[in-house]
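A quick write-up on the structure given underneath.
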Amino acid sequence: MAAAAAPAVPDQAPKMQAPGQMPFDPSQAPVIEGFTPVTLAKNESFKEKFLRKTKENPFVPIGCAATAGALLYGLRAFHQGKTRQSQLMMRGRIFAQGFTVVAIIVGIFATSLKPKQ
């Protein structure tokens with residue numbers, strides 16, 4: 001007894017885009033099935049966001065300031081002809097950059113471990 005197998009026909013044919021038409025509207029958020037975006041209670045200004053992020057992970061701005069300070073001081077020493085001091089400050093800059101990257105990574109892990117509110 002052989003059953004006649006009907007060919008599988010998809011419920012909907014794929015939609016074809018007209019030539020020259022964009023596949024999505026960049027001014028609108030994309031619609032993703034099963035995903036509901038989180039709406040923020042209010043829009044933050046740059047200053048408010050900076051202060052909030054600084055409170056969450058204060059070592060990143062400290063590392064950025066140390067990097068910038070070492071760079072500026074090292075460039076000034078180089079301009080004055082103090083090559084030894086300039087080299088030391090450039091090595092300090094690399095250390096400060098490494099500190100900043102580690103602070104960012106630790107901050108990401110700490111944020112991911114926090115319970116969501």
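Think of each number as a place in line: the chain as shown, counted from 1.
From the backbone N, Cα and C atoms, a Cβ is placed for every residue, glycine too.
Annotation source TrEMBL lists compositional bias 'Low complexity' at 1-14.
As annotated by TrEMBL, domain 'HIG1' applies to 31-117.
The region 'Disordered' feature in TrEMBL is assigned to 1-25.
Per TrEMBL, transmembrane segment is recorded for 58-75 (among others).
For 95-113 (among others), the entry in TrEMBL reads transmembrane segment.
If you look at the transmembrane segment (95-113), the same-chain residues 6 or more away from its ends with a CB under 8 A from one of its CBs are 56-57, 59-60, 62-64, 66-67, 69-70. Over the domain 'HIG1' (31-117), the average per-residue pLDDT in this prediction is 90.
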